[in-house]
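TrEMBL annotations:
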{"type": "REGION", "residues": "1-41", "note": "region 'Disordered'"}
{"type": "COMPBIAS", "residues": "25-35", "note": "compositional bias 'Gly residues'"}
{"type": "TRANSMEM", "residues": "49-72", "note": "transmembrane segment"}
{"type": "TRANSMEM", "residues": "78-98", "note": "transmembrane segment"}
{"type": "TRANSMEM", "residues": "105-125", "note": "transmembrane segment"}
{"type": "TRANSMEM", "residues": "169-187", "note": "transmembrane segment"}
{"type": "TRANSMEM", "residues": "192-212", "note": "transmembrane segment"}
{"type": "TRANSMEM", "residues": "218-237", "note": "transmembrane segment"}
{"type": "TRANSMEM", "residues": "266-285", "note": "transmembrane segment"}
{"type": "DOMAIN", "residues": "528-601", "note": "domain 'Transglutaminase-like'"}
{"type": "COMPBIAS", "residues": "604-617", "note": "compositional bias 'Basic and acidic residues'"}
{"type": "REGION", "residues": "604-645", "note": "region 'Disordered'"}
{"type": "TRANSMEM", "residues": "654-681", "note": "transmembrane segment"}
Amino acid sequence: MSHENTRGSVRPGGAAQGSQPPHGTGPGYRTGTGRGTTRRKEAARPRALTWFALVDLAALSVMLGAVAVGFGPVWGSLGYLVPTAGGAAVGLAVAWVGAWRRFPAVVVTALAVVGYLLFGGALALPHTAVAGVVPTLDTLRELLLGSVQGWKQFITTVPPMRSFPDLGVVPFLLMLVLAMIAGTIAWRAKHAVWAVVPVIVGLVGVILLGTLDAALPVVQGLVITIVALLWGAVRVMEARVGTHSISTESSREATRRLRWYRIRTGATILAVASLAAGFTAPVLMPDQPRTVLRETIVPPFDVHQFTSPLVAFRHYRKTVREDELFTVSDLPEGSRIRLATLDRYDGVVYDASGDGGDTGVYTRVGEEIATADEGTPTPIDVTVTGYSGVWVPEIGNLTGVQWNGENAQAQTDGTYYNSTTSTAITTAGIRPGDTYRLSTLVEEEPDEETLKKGKILEADLPETEPNALPLGLPAKTAQFTGEETDPATKLFLIRDALQASGFLSSGLDGEPPSRPGHSAERVDTLVEPEEMVGDDEQFAVALALMARQAGIPARVVMGFYPDKTSKYEEGEPWTVLGSDVHAWIEVPFEGYGWVPIDAVPEEKPQIQPEPKSEKVPKPPILQEPEPPEEPDKAKAGSVEDDEKDDVENDLFDWGLLGMILLAVGIPLLIIVGPIVAILAYKARRRAARRSADQLADRISGGWHEVVDVVTDLGTTVPRGATRRESAGVIAGEHQVPSTLMLAHRADASVFGREAPTQVDVEAFWAEVDELVGGLRSTVSTRRRVRAALSLRSVWARMSGGRGFLATIGALGSRRTKERR
């Protein structure tokens, strides 16, 4: 072998010829110039394999742990530690392997994805994995969906998150990504302290994902600051020491002592500064709530897709009045069961809005609901027997809902709650056989005398269009309130006037006639006469609208509570019947919040049939007939004359009578016959739509009924238009904005994920009847008569919207083609 002196080669046992010993950090080079001296060994290997990588790991772990603590308040327990610690561990492991093998960024990202899918089941979704460890297809699906949709669900769900195990994906993924980025920077970048940047970004992210209640913000900030400064100082000293390639044993010892002296001095200074900051930070920090996403982002939940339960009020009161709906384990004294709070009126129906502000928003909730409300904690078990729908019967202010039964998981995933209106919905629906437990806070309501002296608060509720209000409402409100200016006094004046002038009737057998519904036209017919006849539905809506007219915020509530006819015993389970349904209003009072106010008048005495005499009539006495007198001979001839007259009477001209009848009847039949036929056809068409085999077809039929009515009234609905497009045309022509809402509900029922129920159908047709009545009231009587006899809707259906002449032309063309 040649020992030629070339660059990069050395002679065995010595330095290259003609060269000095190297002063750098050449790999694997050793030499000794004497006892007590040594040359530092700097191996050309990744930083991840050096002993200082353990220092980096410790610093990153502490800082990431401080970030993870921020999930405590929003999680509500220590359960967040598993996904956060697990995610950080997986992320650091991926970063270390990438630094060790010097993988490119694409490979490191791929490793992170594999780690996420491989360990996500055990650390974030153990309920989907086999034995809580081995991932399944369901685990992979939940992990992939959670990485995209989990963030939105996390910030639109009411804490604590421990009620939603599937949301553990969010802290797991966040900590994994943070740890991977921070570790990669620490072990591969020239300046390792830049790894603090993703840590700080992660801290801000956790704050945004959290609640207004902070975890330990001062402690978190101090821990991250101290560790970052110490870690950075040690890193700088290590780099400076590393520049010296040769040192004696004594110099190395001196360097080691200097290093630890600097570390101790820096740690002491930071400790003193930290203590000072810990004591002064709470005083100097502004007393303002921090910004979190869940307080600024409105959840994407559309409550308008569900029909207002108030339209089915008469269904409960009349059709299922004797049916058992559900049983509550123990109804607290004086409490009411709330089905829905309704705060928006469009002239046809009172509905729930949930658009934010004083109407609240509907957010996803679980077995525990964080709340600042006060009251007596009360658990209540509910067993459903005959009730069905999406509106959850509940009591007080909820702090949790726990579903049981076969459909429990779907009901839990689809439960939304509006804490402002205390209204709950489950998109999975409630059906007979379901059971659930309510955790609620029950407050004692103030008495009426206290409220009369109280102060009514302001509230920003949805406004009703002036043309959607009952016409006689302003005058009636002014009549009831007079010159009074105090809001509380005006409220009770209106309530007292309605009770004094009204009679309670649901149109049952033996009760005065009473139409259902609460449209503007129906409320007008309630308040117009001196004696008002209706039930809770009409009186509650009338009181709410009059209160709003007087400047008092009010909303309508539908629910159940026991009255004097209910089978209720205090302290015992109460089985709620359909007849226990009620409606009332709520008004906000200072110091008490929204307080219920009833407007139900006294019941009108039932109409009794005239009493029959209890005396038994005596049987008639039969008297024997007197013997006939023999006729006089002189009158004998007159008998023959009478017989002749009878014969002449038998010869009455019946043919003439028939001709007269034909002459009158045929024209009458020609005139009246088509009228009867048209009315009968339209009545049969309506009945067929309402009794279609499929419930969804009944909803569609209801909308077709509206379109046919406006077509007969003279409004042209474009051919092929969608329901919403047709509703826009109708609303613009007749100034009835509620048409748009009805079209929206029809689309939601026909194309929605859940099939409509019979209650939904009844409620929808009730709205159809209200809307049709409102549409007809916008035109003159003459035009209504013409519309009733019009065939425009018939021809439109037969021709697909082409009109009469187009239909005749099409039929003629078809017959011509057939003859050819």
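From the backbone N, Cα and C atoms, a Cβ is placed for every residue, glycine too.
A quick note: this is a predicted structure, and the numbers were derived from the prediction, not measured.
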Find the member of 49-72, 78-98, 105-125, 169-187, 192-212 that has more C-beta pairs under 8 Å to the transmembrane segment (218-237) than any other listed stretch.
49-72
If you count Cβ pairs under 8 Å, which stretch among 49-72, 78-98, 169-187, 192-212 touches the transmembrane segment (105-125) the most?
78-98
Other parts of the chain folded back onto the transmembrane segment (169-187), taken as Cβ under 8 Å at six or more residues beyond its ends:
46-48, 53, 56, 59-60, 63-64, 67-68, 71, 75, 80, 83-92, 94-96, 98-99, 108, 112, 115-116, 120, 123-125, 142-143, 146-147, 150-151, 154, 194-199, 201-202, 205-206, 209
Segment confidence, the domain 'Transglutaminase-like' (528-601), expressed as mean pLDDT:
93
